[in-house]
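> Got a structure here, written out as structure tokens. Questions coming.
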Amino acid sequence: MTRPTPALTATVPGYPRIGPDRELKRALEAYWSGASDRDDLEATARAERERTWRRLAALGLDAVPSNTFSLYDQVLDTVALTGAVPPRFAPLGLDGLDTYFAMARGADGVAPLELTKWFDTNYHYLVPEIGPATRLHLDPAKPVREYREALALGVDTRPVLLGPASFLLLSKPADGAPGGFAPLDRLDDLVAVYALLLATLADEGVAWVQLDEPAYVADRTDAELDALRRVYARLGELPDRPAILVGSYFGDLGDALPVLASSPVEAIGLDLVAGELPAEDVDGLDGKIVVAGVVDGRNVWRTDLDAALATLRAVESRAGAVAVGTSCSLLHVPYDLDAETALDPQLRSWLAFADQKVAEVVTLAAALRGEDRSAEFAAARAALADRAAAPRVVDGGVRTRLAGLTADDARRGPYARRADAQRDRLGLPPLPTTTIGSFPQTGDIRRARAAYRAGRLDRDEYAGRMRAEIERVVRLQERIGLDVLVHGEPERNDMVQYFAENLAGFVTTEHGWVQSYGSRCVRPPILYGDVSRPAPITVEWATYAQSLTERPVKGMLTGPVTILAWSFVRDDQPLGDTARQVALALRDEVGDLEAAGVGIVQVDEPALRELLPLRAATRPDYLGWSVTAFRLATSGVADATQVHTHLCYSEFGDVVAAIDGLDADVTSIEAARSRMEIVPDVAASGFGRGIGPGVYDIHSPRVPGADEVEALLRRALADIPGERLWVNPDCGLKTRSYEQVEPALTALVEAAWRVR
Ligand code: GLN
Ligand code: ZN
């Protein structure tokens, strides 16, 4: 590298992009539906980018990122950047933008790229497909255009890109790739594309580029570490290039840190919230700028500035220089706390959203270089002390109850005894049919909920509407001939938010939207204090449903791990303690459902795998507390009460033992999409209770026929005895329409009859 390394003292690896009012979401959906054209979309996108650069510069960052904007997903952007568009999209004859959206959403019978979780977050990325013949070539239009746009506003930015090694590690082999091929086999070709990209950016005048390698915070083989070494040796030696910051987040780089420290890159970004301080003797680190992520980019609590400054000083003693950053992209938190005008002032004083976090970064950088920021530090200290001492955070009753727990509270009787009691009580046929809980959420239901929330509908009218919907759904299920019915969940906006609104210890926000994928956003509740259940939550709906029918109705709850995974959780006690508190609140609900005559209760844990630590060494601890929490929630019931759980992902490898550990009487899992691929694994693990591998892929509008469902059931029967096999869809039906759901469930029931 020939040019001098420009200043870098305060920065963030990324920022939200959906728009403070979800402007981009609306613009995308209007474009997709044909209600607007591409100029409208581009105008909204450009306005959001410009707003972001202006804002970040105004807040005082001396190094503002660009190319953190995306019309859908940053991994998909990298597919476009490197030309790695799977060949099935070519016959569609679409141009760049519409090919991009076709890869994200599918088009005319062409399947989209697979959507999957981004590390251990609730963000989802599109999985690139790389084969031996994938033609890789550079299309630098997006990062170049964004760099120029920002420069025109007077902001000289640092383009942020997914690094080549992580890109390939996050990819899957393209269809038809020979066995033994791994996307990483294409590393040299891809690095050539990145080399060209760096040259192009250098020509533009770009001083710094950020290449993210988050794949290296997970366990990696020696060959994968060597790949990282090769990438940065090669890019580092380019004669004319921007300075390189290699970003990492969501954990420790582990063995990848010495690799990067001894490479010719100028800077390394570390997550010092999820990860630890680097060791004192990492060779080469004293020649690097370390961008120390000391402000939590994934949670909403105000930073302990004193502790963060101490960390920065410790890093300073080990590195060539230290810059201040957030632990990861701010994509994972809402924009601005100031928008939350309804939040009570005390609680608000404990929080920081994206803009407040940027301000913390700037404050820390100033303090680090010796400027007087005592006022900000004093304010942060006071907020922290207030939070630590606040009576609303601690509930003595909850603490006492937690302290009194014994192992027996998380243990039910032997399964064989339970199975007998349940058989006697429920009298279900072999291969019982059921659903996962939700039925389609119609416009009427949504309007009723909104009207109730806004005070336009009183409690009685609202309950009447919900009861009418429940009755309709119960009758429909009877007509279709399902064996175990559900009430349909019409009262729930979201499976976590609904419980958060009804439990003590949580608050919800008005504008705290966070991108989940594409135009889809979620609004995670904030879990700030000890959790308890002031009053029954679901009992009235479940018992109403049960009162309408002779068939068993299954009560429906969201499990403790999923509630934690999809909320912003307190950081002042171990997650396991928080999980046990939520579990006890749910245990009360399970008990009340049982007492009210509900014989089956399902506790959903779709996020059990999502929170699984990225490194194997920390998994046993996680699986220990998460399984215990589920069992605490569900072990207070009699043998004759049947506990179900539902898990919705199909990569079970890492959690198969935990599924057994949950000790649920019946477990439904997603399986239709993978054509029952996971059933042999579950069977081989020795799992010996009821299991319902999904036979209807609810992610697609397609309606399966009875023959198809029958074939899946017969396939499952190869590994699972008939007396333990349940028949159900992959997941809830809330995103589908009745036109799809009714024939699909009819086919499911018909297939079960045939196989019986
Ligand atoms: N009971 C929930 C539903 O049916 C489960 C959703 C989920 O697994 N994500 O919608
Ligand atoms: Zn599911």
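Cβ atoms here come from the backbone N, Cα and C positions, even for glycine.
The structure displayed is predicted, hence computed values, not measured ones.
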> Per TrEMBL, what member of Cys521, Cys731 joins His646, Cys648, Glu670 in binding Zn(2+) at one site?
Cys731
> Which one, Glu489, Glu491, Glu550, is listed by TrEMBL in the same L-homocysteine site as Ile436, Gly437, Ser438, Asp604?
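Only hit among Glu489, Glu491, Glu550 in TrEMBL's L-homocysteine site, alongside Ile436, Gly437, Ser438, Asp604: Glu489.
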> Here's one to test understanding: among the binding-site residues Lys117, Arg520, Trp566, His646, Glu670, whose C-alpha is closest in space to the C-alpha of His699 (active site, proton donor)?
Glu670
> Of the binding-site residues Arg22, Arg520, Glu670, which one sits closest to Ile436 (L-methionine binding site) when you measure Cα to Cα?
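Result: the closest of the binding-site residues to Ile436 (L-methionine binding site) is Glu670.
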> For Lys117 (5-methyltetrahydropteroyltri-L-glutamate binding site), write down the residues of its own chain that are at least 6 apart in sequence and whose Cβ falls under 8 Å from its Cβ; none is a fine answer.
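Within the chain, Lys117 (5-methyltetrahydropteroyltri-L-glutamate binding site) has Cβ neighbours under 8 Å at Tyr123, His124, Glu610, Tyr649.
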> To the nearest whole angstrom, what is the C-alpha distance linking Gly437 (L-methionine binding site) and Cys731 (Zn(2+) binding site)?
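The Cα atom of Gly437 (L-methionine binding site) is 8 Å away from the Cα atom of Cys731 (Zn(2+) binding site).
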> Give me the sequence-ordered set of same-chain residues, not including Ile436, Gly437, Ser438, Glu489, Asp604, with a C-beta within 8 angstroms of the centroid of the L-methionine site's C-beta atoms.
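Along the chain, the qualifying residues are Thr435, Val486, Met495, Met556, Gln602, His646, Cys731, Gly732, Leu733, Lys734.
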> Measuring Cα to Cα, how many Å separate Glu489 (L-methionine binding site) from Leu24 (5-methyltetrahydropteroyltri-L-glutamate binding site)?
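With the alpha carbons as reference points, the distance is 29 Å.
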> Near ligand 1, which of the recorded positions show up if the criterion is a Cβ under 6 Å from one of its atoms? Options: Ser438, Trp566, Asp604, His699.
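Ser438, Asp604, in sequence order.
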> Please check each of the binding-site residues Ser438, Arg520, Trp566, Cys648, Cys731 and report the ones with a CB atom less than 6 Å from an atom of ligand 2, ordered along the sequence.
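Near the molecule: Cys648, Cys731.
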> Would you list, in sequence order, the residues of this chain other than His646, Cys648, Glu670, Cys731 that have their CB within 8 A of the centroid of the site's CB atoms, where the site is the one recorded for Zn(2+)?
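These residues sit around the Zn(2+) site: Ile436, Pro606, Leu647, Tyr649, Ser668, Ile669, Gly694, Asp730, Gly732.
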> I'm trying to understand the geometry here, so how far is the Cα atom of Cys648 (Zn(2+) binding site) from the Cα atom of Trp566 (5-methyltetrahydropteroyltri-L-glutamate binding site), in Å to the nearest whole number?
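On Cα coordinates alone, these residues lie 14 Å apart.
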